[in-house]
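Participant: Sharing a structure with you now.
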Amino acid sequence: MTPHINAPAGAFADVVLMPGDPLRAKYIAETFLENAQEVTNVRNMLGYTGTYKGRKISVMGHGMGIPSCSIYAKELITEYGVKKIIRVGSCGAVNMDVKIRDVIIGLGACTDSKVNRIRFKDNDFAAIADFGMARAAVQAAKNKGIDVKVGNLFSADLFYTPDLEMFDVMEKYGILGVEMEAAGIYGVAAEFKAKALTICTVSDHIRTHEQTSAEERQLTFNEMIEIALESVLLEDSL
């Protein structure tokens, strides 16, 4: 047990899917996993373990922002032996080549947060996904006939940013989506010798102001979860 996770030793699988919303974790467990059992509920940050096509997998919420997700990712890795984390969440698009409802596989994550500079002696740290996990996710999407975008995300510290000109810079540099956690999770994974990947669905477009409905978000969310789960099986088979 930790100050933030009250699961017993051995409660988590070696692979954990992590949405921001703990109720999304509950939904994933109830919809996609067999024999799912709740294993932690401190602060209502729900976590579950079950099986997917016979493969033991866990799912747990990580909250909003790099500080929150970093706490849970670190404790899962160092205290529960988790080897791989797949963040599954939503993002906003700033590039006109990216459309709402697109699924993005985040190979890397830029950020305006200082967390990785703090851990990397004030130098730039290349916060990147594990190649094998990313490759398996791309293949899983192809197998299911789901088009995905692959590239860089931007993990913002502020949801309500006053610096709107930064969106122009992001677009210039080909950023596919803006979210709030990937760079932190990639940094934690690197520091503690684990592996991580972020998969996002585009829920809104910052340029066009388009937004998905609740029903549309659910559909694309399901596709993202299917990609994540199938990628675990694919990588196991390699």
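A Cβ is built for glycine as well, from the same backbone N, Cα and C atoms used for every other residue.
For Asp204, the entry in Swiss-Prot reads active site, proton donor. Summarising the annotation, Swiss-Prot assigns purine D-ribonucleoside binding site to His4, Glu179, Met180, Glu181, Ser203, Asp204. According to Swiss-Prot, the phosphate binding site annotation covers Gly20, Arg24, Arg43, Arg87, Val88, Gly89, Ser90, on the basis of similarity to another entry. Residues annotated as site 'Important for catalytic activity' in Swiss-Prot, with sequence analysis given as evidence: Arg217.
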Participant: Looking at the recorded positions Arg24, Arg43, Arg87, Gly89, Arg217, which ones sit with their CA no more than 10 Å from the CA of Glu181 (purine D-ribonucleoside binding site)?
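Facilitator: Candidates kept after distance check: Arg87, Gly89.
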Participant: List the residues of the same chain that sit at least 6 positions away from Glu179 (purine D-ribonucleoside binding site) in sequence and have their Cβ under 8 Å from its Cβ, in sequence order, or write 'none'.
Facilitator: Gly89, Ser90, Cys91, Gly92, Leu153, Phe154, Ser155, Ala156, Thr198, Cys200
Participant: Can you tell me the CA-to-CA distance separating Ser203 (purine D-ribonucleoside binding site) and Arg217 (site 'Important for catalytic activity'), as a whole number of Å?
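Facilitator: A Cα-Cα distance of 7 Å.
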Participant: Would you mind pulling the DSSP three-state label for Met180 (purine D-ribonucleoside binding site)?
Facilitator: coil
Participant: Where the record says His4, Glu179, Met180, Glu181, Ser203, Asp204 bind purine D-ribonucleoside, what is the longest distance in Å from one Cα to another among those residues?
Facilitator: 31
Participant: Excluding near sequence neighbours, so keeping only residues 6 or more apart in the same chain, what lies with its CB under 8 A of Arg43 (phosphate binding site)?
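Facilitator: Result: His4.
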Participant: Measuring CA to CA, name the entry from the recorded positions Met180, Asp204, Arg217 that ends up nearest Arg24 (phosphate binding site).
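Facilitator: That would be Arg217, the closest of Met180, Asp204, Arg217 to Arg24 (phosphate binding site).
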Participant: Which one, from the recorded positions Glu181, Asp204, has the smallest tally of other C-beta atoms lying within 10 Å of its C-beta?
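Facilitator: Candidates: the recorded positions Glu181, Asp204. Fewest Cβ atoms within 10 Å: Asp204.
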Participant: These are the recorded positions: His4, Arg24, Arg87, Arg217. Which one scores highest on other Cβ atoms within 10 Å?
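Facilitator: Neighbour-count leader: Arg87.
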Participant: Do you know offhand how many angstrom separate Val88 (phosphate binding site) and Arg217 (site 'Important for catalytic activity') by C-alpha?
Facilitator: 13
Participant: Which one, from the binding-site residues Gly20, Gly89, has the smallest tally of other C-beta atoms lying within 10 Å of its C-beta?
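Facilitator: Per-residue Cβ counts within 10 Å for the binding-site residues Gly20, Gly89 bottom out at Gly20.
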Participant: Let's check the environment of Val88 (phosphate binding site): how many other CB atoms sit within 10 Å of its CB?
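Facilitator: Taking every protein chain into account, the count is 23.
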Participant: If you skip the near sequence neighbours and keep only those at least six away, which residues in the chain come within under 8 angstroms of Met180 (purine D-ribonucleoside binding site), Cβ to Cβ?
Facilitator: Gly20, Met64, Gly65, Ile66, Ser155, Ala156, Asp157, Phe159
Participant: Give me the Cα-Cα distance between Arg87 (phosphate binding site) and Arg217 (site 'Important for catalytic activity'), rounded to a whole Å.
Facilitator: 16
